[in-house]
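I have placed the structure first, in the form of C-alpha cells, so that the comments after it can refer back to it.
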Amino acid sequence: MEHCEPGDASRRRDLPVYLGLRFLTEAAALALSVAIGWTVYDVSKSPLSLGIVGIVQFIPIVLLTLPAGELCDRLSPRPLVVASLALQCACALAFLAMTRFPSTGLAARYGVLLMLGVARALAGPAEQALLPLLVQPAQLPRAVALGSTAWQSAAILGPALGGLAFAAGAATAYLASAVAFLVAMLGAMTLRGRPLPAPEGAWGAWGDGVQRVLEGLRFVRGQPVILGAMSLDLLAVLVGGATALLPVYAQDILKVGPFGLGMLRSAPAAGACVVGLVLARHPPERGAGPKLFAAVMVFGAATAIFALSRSFVVSLAALAAAGASDMVSVNIRASLIQLATPDAMRGRVSAVAALFIGTSSELGAFETGLTAALLGSVPAVALGGIGTIVAAALWMAVFPGIMKVDRLHPDPG
C-alpha cells in the first residue's frame, strides 16, 4: 500500500469511495438474493430449500473467514475486497446464464451459491478491516455509522429494485447485479488509506500460519466485552432472523408477489437507514452497553410482531422497526470492536467478527427453514423473536461488563 498522510487528497477521497462501493455491493447482493430466493421457493415450494440456500453459503464462511483475516493482516484488506467483488460478479453472470436454460436444477444453483459463500468469506473481514485504515480513530464511530447507512441505503433500494427487475425478467436482475459488482470492484482498486504495520514474522510453516489465524480468536476470548457483543449478535441473528422465510410470506401468507417480496426485504433497511443518519450526526455518547441490550430486545419484539401479522402495512412497519433497532446494535458493537483492536490485529479480529455474523446469518437461515418445515413458518419466526429477547436477558447476566460500557470513543490523550 502507498504511504499516505491523514490530510492528503487520496485519504480525503478514500471514505466516499468506500461508502460508494459498500452501497453498490450490498444493492447488487440483495437484488441477487431476492431473485434467487423467489426462484428456489417457486421451484421447490419447500421452506427447507430456502434453509439449504443458507447452509450452502455457511460452509465456505466457516472454513475460509479466519484465514481471510490472516491474509488481510499480511497483504492488506484491499486485494481481498477486489477479489471478492470479482467472484461475486462471476456468480451473478452464472445465474444470468441459467436463465437461458429454465430446466436448470437446484443443485446447479446451490453450486453457484457455494461460490458466493467463498466471496462472502473473503469480503467479511476485508471490508471491516479496511474502514479503520481510511479514517482517524476519533472519526471511526461516525464512519461506522456512515458505512452502515450506505449499506442500509442499498438494502432499501436493492431488494425493491431486484423484485421489480425480477418481475420483468430474472435476467434483468442478474445482469444489473453483475454490472454493480464490476463497478464496485473498479472503485475498490483505487483505495489507498493508512499502511498496515509490518506483519509479525515471515510467511512460515503451516503450523505457524494456523497459530496466527487463531490469534484473532484468542484476542476476542480475552476481551469479555468484545466476546459478549459478538456472541449476542450471533444469537440474535441465529434465532431471530426472518429473512430466509420472506419468500414464503410474500407468496403464501401476504400474497404480494415479487415486488412485495422486494419491499419486505427493503423494510428493515429503511428503518436502519433513518437511524443510521441520526447516529452519524449524533453517535451514542453515554450508556452504550444498556442501549445495546435494549436494541436487541426491540429487534426480537418487532420480529415476533411481523410473524403474527397478516397486514402488509403492519408487516412492513414491524420489519422497519427491527431494522432500526438492529442499526443501533450494529453501530455500538462495531465501534466497540474496532476501537479495542490494534491495527496489527484488525484483519484477524475482523475475521472473527465476520465469522460470527456470517455463520449466524446462514446457519440461522437453515435453522429457520428447518423449524418452519417442522412447525410452520409463522411459529418458526414468532419463536425466533421471543428467543432473541430471552437471549438478550441471559447475556446481561453472563456478560455484566457490557452493561458497564458507557462511552464509544477513546479517552482524550
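Backbone N, Cα and C define each Cβ position, glycine as well.
If you look up TrEMBL, you'll see 21-41, 47-68, 80-101, 173-191, 225-250, 262-280, 292-309, 372-398 marked as transmembrane segment.
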- For the transmembrane segment (372-398) and the transmembrane segment (173-191), does the number of C-beta pairs under 8 Å, pairs 6 or more apart in sequence, reach 3 or more? no
- Query: Apart from its near flanks, which chain residues at least 6 from the ends of the transmembrane segment (47-68) lie with a Cβ under 8 angstroms of it?
  - Reply: 36-37, 40-41, 80, 106, 110, 113-114, 116-118, 120-122, 124-126, 213-214, 216-217, 244-245, 247-248, 347-348, 351-352, 354-355, 358-359, 361-370, 372-373, 377, 380
- Note on the structure: Top stretch by Cβ pairs under 8 Å to the transmembrane segment (21-41) (candidates 173-191, 225-250, 262-280, 292-309) is 173-191
- Item | Intrachain neighbours beyond the transmembrane segment (173-191), with Cβ under 8 angstroms and 6 or more residues off its ends | 14, 17-18, 20-21, 24-25, 27-29, 31-32, 34-35, 78, 81-82, 85-86, 88-89, 92-93, 95-96, 99, 130, 134, 161-162, 165-166
